[in-house]
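Take a look at what Swiss-Prot says about it:
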type	residues	note
DISULFID	50-96	disulfide bond
DISULFID	81-108	disulfide bond
DISULFID	113-154	disulfide bond
DISULFID	140-170	disulfide bond
DISULFID	175-217	disulfide bond
DISULFID	203-234	disulfide bond
DISULFID	239-281	disulfide bond
DISULFID	267-294	disulfide bond
DISULFID	332-360	disulfide bond
DISULFID	365-409	disulfide bond
DISULFID	399-422	disulfide bond
DISULFID	484-525	disulfide bond
DOMAIN	49-110	domain 'Sushi 1'
DOMAIN	111-172	domain 'Sushi 2'
DOMAIN	173-236	domain 'Sushi 3'
DOMAIN	237-296	domain 'Sushi 4'
DOMAIN	297-362	domain 'Sushi 5'
DOMAIN	363-424	domain 'Sushi 6'
DOMAIN	425-482	domain 'Sushi 7'
DOMAIN	483-540	domain 'Sushi 8'
CARBOHYD	221	N-linked glycosylation site
CARBOHYD	506	N-linked glycosylation site
CARBOHYD	528	N-linked glycosylation site
SIGNAL	1-48	signal peptide
């Protein structure tokens, strides 16, 4: 089929291909006619005409019979606010503009409901605002329940807006009377109890209250009144008197202990408390916490050293307590000597035990060997040792069958006079430590005298002059004892105060008030002219219950002992009670006198 001819024009084939498919869609047989129809339909929009006005949520046309579907440019339609809205602009119109659109300013806004007011014992929660369509919620304070609606909405009412539900009420929650308990009672006497009300329970005599003495009316599930906590019980509870070895009761004396009775403990000297010093009788008839233990923190029970005695003054006993580091010196009894050359001391160690000691062994006198003589009599002390001759033994002997002599075994293992012999010649005199003697012969002594002298720094103890008689020296050799200077001590004093001390003198350190001994409290002048152990120091001690106010200053701030404060308060309370009784007595006397008059 050939395309039609167009008068006075030319046919563009490309445009035909574009128009022809639409003509088929709309069932138009002539493409030219289809194009003309399409232009006619689009022409009003191009020229600015508007379609139907939009539907507004806040307003409606004043002419409710409006039926037109096309409006010319410049057309103005008047509107009125819908219920729940109020006019906010003087112009309430929509206008069709040249673009074919309806234009307008928002001219109606939500109306607002009045504030519902305060809810007594409750709260009003405004979610957004009080405008038309908004919702508020009501709730009651704890212990109150709500009567009425929990919500209310701002809605249209008559010609305005109002709340859909009135303000509710909050009523207080009530509890039934509290439960009764055996062997006890409560303080309440009402039929009902308001939320928050409390009652107190008490037990009959000889019964103890277990649990909380007071319970209160509370709320459950926002409306139900319940008592909390659970009511107590009244039981008979007693605890046995606790036994704390090496401990002492500070308070809480009594043969019987009931529920919640309290005992306060302290430990004896030399022991430290492990556990709680305060315990109370618990509901299970047991002490809570468990009674404490007193563990030793010092050395006790002095070691028993056979054939020895202690040098410390005053002499220690088995009941004494010694801190770690304490040094005690022992001395062998006459007739005994130290087993070794080590110091005869014991020291309290950190493990609270005394250092091992060697002890003392028997010191025997030698058997006399007499030339031209014989032992005529022997008196023995018979101790339990291996010695043939021991301290205190006495022998009598004769020389040349004419002269008779006697000798006694001394504590140092020598005979007095010196080892018995028959003859006029004396042996060399004994040498002494830290000293010497003057002699007239280098071989033997016959009716001679010697004089002992001590080295510098030592003093002679015993007879300085000895003479030889019948082969014996007139006396045992003296000793040179060391001299120790007075210990230098700051903030303390010595039990014996002098310029020099003779071995083995012992002194005790006593610190001034507020100072404590750091080191051994007892020291001894030793053979090398020094003090053993070293001289301790007296250092400042912070009193118990006090604290240092200024660093580097001995300015302390102390709090009173709680037990002293408690005792003072009890005494003050007793004085007030006595004063009250005296006033009552005087008042009774005055009343009696008035009646007699």
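Just so you know, the numbers here start at 1 and follow the chain as drawn.
Each residue, glycine too, has its Cβ placed from N, Cα and C.
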Can you tell me the three-state DSSP label for residue 332 (disulfide bond)?
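Once the DSSP labels are grouped into three classes, residue 332 (disulfide bond) ends up as strand.
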Near the Cβ of residue 234 (disulfide bond), how many other Cβ atoms are there if near means within 10 Å?
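21, counting other Cβ atoms within 10 Å of residue 234 (disulfide bond).
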Compute the C-alpha separation of residue 484 (disulfide bond) from residue 506 (N-linked glycosylation site), stating it in Å without decimals.
11
Mind tallying the domain 'Sushi 8' (483-540) by DSSP state, helix then strand then coil?
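When I sort the residues of the domain 'Sushi 8' (483-540) into the three classes, I find 0 helix, 29 strand, 29 coil.
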Sort the disulfide-bonded residues 108, 170, 175, 217, 360 by C-alpha distance from residue 294 (disulfide bond) and give me just the closest.
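Of all the candidates listed, 360 is nearest in space.
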Take the Cβ of residue 81 (disulfide bond) and count every other Cβ within 10 Å, whichever protein chain it belongs to.
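Cβ-Cβ neighbours of residue 81 (disulfide bond) within 10 Å number 18.
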For residue 217 (disulfide bond), which residues of its chain lie six or more apart in sequence with Cβ-Cβ distance below 8 Å?
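For residue 217 (disulfide bond), the qualifying residues are 173, 174, 175, 193, 194, 195, 196, 197, 198, 225, 226, 227.
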Need one number: mean pLDDT over the domain 'Sushi 1' (49-110).
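For the domain 'Sushi 1' (49-110), the model's average pLDDT rounds to 84.
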Which ones in the same chain are close to residue 528 (N-linked glycosylation site), with CB under 8 Å and 6+ residues apart in sequence?
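482 - these are the non-local Cβ neighbours of residue 528 (N-linked glycosylation site), listed in sequence order.
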Tell me, how many other CB atoms lie within 10 A of the CB of residue 154 (disulfide bond), whichever protein chain they belong to?
24
